[in-house]
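Okay, structure first, notes after.
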Amino acid sequence: MLFECDQWKVERVSPVIAANFDAFLSVTPTHNTVMEEKRRETSTGSLVFAINGLRFEVSSVSPSTTLLEFLRAQTPFKSPKLGCGEGGCGACVVLLSKYDPVLDQVEDFTVSSCLTLLCSVNGCSVTTSEGLGNSKDGFHPIHQRFSGFHASQCGFCTPGMCVSLFGALVKAEKKDQREASPGFSKLTVVEAEKAISGNLCRCTGYRPIADACKSLAADVDIEDLGFNSFWRKEETREAKMSRLPVYDHSLEISTFPEFLKREIKSSLLLDSERYSWCKPATAEELQSLLKSIDADSKTRMKLVVGNTAVTISKTIEALKEENNSEFNSECKIVFKRIALHMEKIASEFIRNTGSVGGNLVMAQRKHFPSDIATILLAAGASVHILTGTLHEKLALDEFLERPPLDSKSVLLNVKIPNYAAVKNISSEMDSKLLFETYRASPRPLGNALPYLNAAFLTEVSCLKSSAVKMVKANVVPEDGTPSPAYRSSLAAGYLFDFLFPLIDTSSKIHGGWSGEYCNTSLSEDAEIKQKYSQLDHVQLPTLLTSSEQVLELNHDHHPVGQPIKKIGAALQASGEAVFVDDIPSPANCLHGSFVHSIKPFARVKDMKFKSKLLPDGVSGLVSVRDIPKGGENRGCTTKLGTESLFADGLTQHAGERLAFVVADTQKHADIASNLVEVDYDIENLEPPILTVEEAVKRSSFFEVPLSLYPKQVGDISKGWAEADHKILSAKIKLGSQYHFYMETQTALAIPDEDNTMVVYSSNQCPEYAHVTIAKCLGIPENNVRVITRRVGGGFGGKAMKAIPVATACALAAHKFRRPVRTYLNRKIDMIMAGGRHPMEITYNVGFKSNGKVTALQLDILINAGISVDISPLMPRNILSGLKKYDWGALSFDIKLCKTNHSSKTAMRAPGEVQGSYIAETVIEHVASTLSMDVDSARNINFYRYDSLKLFYDFAAGDPAEYTLPSIWNKLAASSSFKQRVEIIKEFNRCKVWKKRGISRVPIVHQVFMRPTTGKVSILSDGSVVVEVGGIELGQGLWTKVKQMAAFGLSSIKCDGVENLLDKVRIIQADTLSLTQGGITAGSTTSESSCESVRLCCEVLVERLAPLKETLQGQMGSVRWDELICKAYTQSLNLSATSHYSPDFNSMHYLNYGAAVSEVEVNLLTGETAILRSDIIYDCGQSLNPAVDLGQIEGAFVQGIGFFMLEEYTTNSDGLVVADGTWTYKIPTIDTIPKQFNVEIHSSGHHRQRVLSSKASGEPPLLLAASVHCATRAAVREARQQLHSWGCMDESYSTFNLEVPATMPAVKELCGLDSVESYLRWEMGRKSRLG
């Protein structure tokens, strides 16, 4: 079988001067070659490498095997995780070290192990996070700082983060000559932040991760670092520095063991029965190899990149070289501009292995949207191609336009001209050669495909405005390219920006650029000098500025209320925390992969393998036919409804599970699932329902139980009568969002004796999975045991959607009587996830002239998909978020549309985030209609307590609990809101191409307390083990429960209870050990789990109290361990179980918060930068402020993703096409607020709450609407400017900014032809002035 991977040409780059005085990048080719050959009888070599200092030797392996596969399947090192499989998330990052025996030097660099072929690491050393430090040998300072800065929540991404940071530390120590203070590295703050810019995290919001990284930087201001467990805020700078875990480079681990230096080989031939891996060391060896292959028609070959060559990263270093005097300043400018642009390609761990040549060949063969091709085209580059003995030198544009290179052609070098030699000598003496590159990307630092790359090289002495029109007319995206008009507009905008510094000073003073300027002193222009010189001294600004976290600690229930570190944070950082896929595979374990439908509504006539291409090790196909007698086709079971495990003759949505392929490895199962041919038939079937409009037309709805449907509020007729103004039939459309938990869906099922089944599942509701598996297999529930230790991120996606994954494994294990596991690849996970509910809203609103709303009427159509899932809860949830303003009277009609899409499911704040956004849209529309300040419109529609009670009924609680007005006013002061509004007005008045907006947004979020179970057992040595129904998802549930257990047991008041926290261990959820665990959802499971544990502790303390009194009478004082020892001798029952079920008065309550966000919009690109966000959120009396702070920040940033970035798109059949990190972009460290201030408001005592605490997991996500509203304010300023240019009528202030407000959406509202409009206006102004 031919190994399918992209061709990558590896280049060694060094700028030199050739005989023709051209500057070029000289290439010494070093290749790895994969060949499919005839069967060979002998092996001629083996791979030798080291992992964490241990020697590994592999004599036979498929060349397609990745380093990550080997690490996870063949070694004990599980810290590198599979997050995406395409180098886009950083979860699999490791450090690769190579030894150069000639220079006697070790080179260290980070790589994405999911893309690194195992054969390419021959002679190399690999370091994972366990190799940096661990629980046995001691944690590395990086691990300790991640833990102490509360920078790990679910922990799935943390090991990759730690290795990325370690790679930056090693690089800085080797390359930088500056000295660092004791305990710090040679990293700069900028380098520390950029070290993890390619790593994704869905939990934390990045701010604490950035602080952990910056804490190691030589130039860090310790006062700028955020909340942590090392010091108190009031301590001196010196005290703070002394409390950080010490970093000492001299004590750092050796990344390359001595034994491996003796085994370095210059070339390698690794043979197996079907494949060979060859590593020629010279161009001559490569030519000879290609010639021999050409003579053998039965051999197929592919060139792939290895780790022995110069990469994009090394190209960047070479282009930045400062000590090369052969090139003039213009050459150096071009080199440095190319290097700066290349630094935004992918991420560093990809640039460290990818090559310039490979990138260009991908562009040539596969039309890959290559940054490098674009910038080198502008630079006038040429290439040198070798095909057999034929050498060809081509201009780069000729190369790209040729037919695709065959597999035997090699790109040898790339030349960039020497501009001093090629410059037009007949041109004017004062002309200047200018070069600039541009990149429009949703992530400023890269790691995202751009909407457009642009590069300009020109010799300028005279400027013409017609150039803008010419560029726009000639930049025409290919058919099918998303947002084509936006991309053409970008090209014009970039040309305008490129030429803008050449405008004469007088015209700039008036903000203009006329049709033609001749500048006779370009070389003296200060702005050009500033932009085009001294590039070698450019210092990039830090991504994040100093942020403030304000917390008030509660000491009433110690250790509850203390900001202790998350349980297991250091284990998560080192990679020792065990997730489901980290559990070693049992003997004879099989692996499964789903086959899914690509049709929305069709009969499934047949399914079969393409047998000729089937890999070895495939055991078979599991489908609906394999459900045992007495079992049911059940994939999910809840109180709201059921869902099928597999389609039964008829597939009802694209992405539906059709079958489960089982094979000996996950790779073989994934390959085989793609080789299943499905025969569909749609004859005589009705067309699928793919829109909510079609669902309405065909009356396709799910019923909402009356007990779940919210009540209308007030007299809508009276509200309409009181209104001075009305807005009728306004529309809002909201799309979906993917959870993007870092750990995809996974399960392991193990058949046990007596027809029982043990299932390990990454699951938010093991109890529901337990019931479903029993129903599917047709066995009693006591024959099933579901175990969940921890989940690598859930956000609702590991609730209902995890159940069919576990059930499929159980069914396959039942069929084959062997263990079966699966770990969904990211693409399949995204196709099947369902995601957040899309919806369409039509509203009518009546209001008075002062902005007070008197009536709001809504029609909401929710796309629920094909099955019910949690959809019946959506109307109530939407109204929970929407009712945050006093609407006077509120009427609504909410329909759950049953469509031929995947069933939509819970996602963090399901319904509440949409409802809250609808409310803001209505308020902004009212303010726009009245031409009033939107903040004033919000103020006038705030609740008084009596109206709050009207809208929220008993959930409103006591008047003292209504803290929103005080939070609202406090936030205005702490964020300097009014002062900043004035500053922004002045900014917008002065700036043409950048506009700022600011917005203050409140939230009211109703939560529901669910019952759950707890169990506390005291062991004979005084240690304590706790079980709870709640699942640790990264939200700190275990940490809060541990604190509660220590608090509850400490009420026995004997000596030693102050150390109880260290004696408590929380263990995994087990559905046979602890029943009625319920579902972990809705933000309140931590509270209910804590309360169930507190009740257990009360029982235990009551049992121990008489014995304690007796012992105190005898001994005067008694220690905890003595008390427990005596209790054991007297056979006291030291295990207690409780089932906490909240009463009616404590079941519902309201959460309050507010946020101010300020953004800056680039009108040429539509890019939105979040300059600052300030949040105040009411946590009641926080159970753990550090955990709640992380929840607030993480939820807010996830909300930024929903409102600004994430497009979960499908094709016309409803099949998800945004199915990976290439096409789906969650927030990264460069897209969060540059200044991120959070205050946890301590609102006193709440009698009905668990120790007066309140939820923090979901409500803060709603506050991210402040970013969207601020963006809308900035866009409004841009449209007002267009209006002033005569390009827009009086309706400019009324518009709909899409969710998400992506760059194309923002740019379209700011004017796709804004540059041309400006030029026309300016020329008109000039002509009027004479």
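The backbone N, Cα and C atoms fix where each Cβ goes, and this holds for glycine too.
TrEMBL entries are annotated by machine, without manual review.
Quick look at what TrEMBL lists:
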- E1258: active site, proton acceptor (ACT_SITE)
- C84, C89, C92, C114: [2Fe-2S] cluster 1 binding site (BINDING)
- C154, C157, C201, C203: [2Fe-2S] cluster 2 binding site (BINDING)
- 303-310, 355-359, D371, L411, K423: FAD binding site (BINDING)
- Q764, F795, R908, G1082: Mo-molybdopterin binding site (BINDING)
- R876: substrate binding site (BINDING)
- 45-132: domain '2Fe-2S ferredoxin-type' (DOMAIN)
- 286-421: domain 'FAD-binding PCMH-type' (DOMAIN)
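In terms of Cα spacing, the binding-site residues C84, C89, C154 all stay beyond 10 Å of L303 (FAD binding site).
When the binding-site residues C114, F795, R908 are compared by Cα distance to E1258 (active site, proton acceptor), the shortest distance belongs to R908. Same-chain residues that are not part of C84, C89, C92, C114 yet have a Cβ within 8 Å of the Cβ center of the [2Fe-2S] cluster 1 site turn out to be L68, K81, L82, G83, G85, E86, G87, G88, G90, A91, S112, T1221. In terms of Cα spacing, the binding-site residues C157, C201, S355, L411, Q764 that come within 10 Å of C89 ([2Fe-2S] cluster 1 binding site) are C157, C201. When the neighbouring Cβ atoms lying within 10 Å are counted for each of the binding-site residues (R876, R908), the highest count belongs to R908.
Within the set of binding-site residues C92, C203, S355, L411, the entry lying nearest in space to G1082 (Mo-molybdopterin binding site) is C203 (CA atoms).
When DSSP labels each residue, the domain 'FAD-binding PCMH-type' (286-421) comes out as 63 helix, 24 strand, 49 coil, counted as helix, strand and coil in that order.
Cα spacing between S355 (FAD binding site) and C114 ([2Fe-2S] cluster 1 binding site): 17 Å, rounded to the nearest whole number. Closest in space to C154 ([2Fe-2S] cluster 2 binding site), of the binding-site residues given as N359, Q764, F795, R908, is F795, taking the CA atom of each residue. Of the chain residues outside the [2Fe-2S] cluster 2 site list C154, C157, C201, C203, S152, Q153, G155, F156, T158, L200, R202, T204, M742, G792, G793, G1034 have their Cβ within 8 Å of the site's Cβ mean position.
Within the set of binding-site residues (C114, C154, C157, C201, L303), the lowest number of other Cβ atoms found within 10 Å of a Cβ is recorded at C114. The closest partner of R876 (substrate binding site) among the binding-site residues, by CA position, is F795; the full candidate set was G357, L411, F795.
Checked against F795 (Mo-molybdopterin binding site) by C-alpha proximity, the binding-site residues C92, C114, C201, L411 yield C201 as the nearest. Inclusion criterion for the binding-site residues C203, G357, Q764, R908: a C-alpha placed within 10 angstroms of the C-alpha of C92 ([2Fe-2S] cluster 1 binding site); this criterion is met by none of them. Cβ neighbour count for L411 (FAD binding site) (all protein chains, 10 Å cutoff from its Cβ): 25. When the binding-site residues C114, N359, Q764, R908 are compared by Cα distance to C203 ([2Fe-2S] cluster 2 binding site), the shortest distance belongs to R908. Of the chain residues outside the Mo-molybdopterin site list Q764, F795, R908, G1082, G794, G796, G797, A799, A906, M907, P910, L1033, T1080, A1081, S1083, G1257, E1258 have their Cβ within 8 Å of the site's Cβ mean position.
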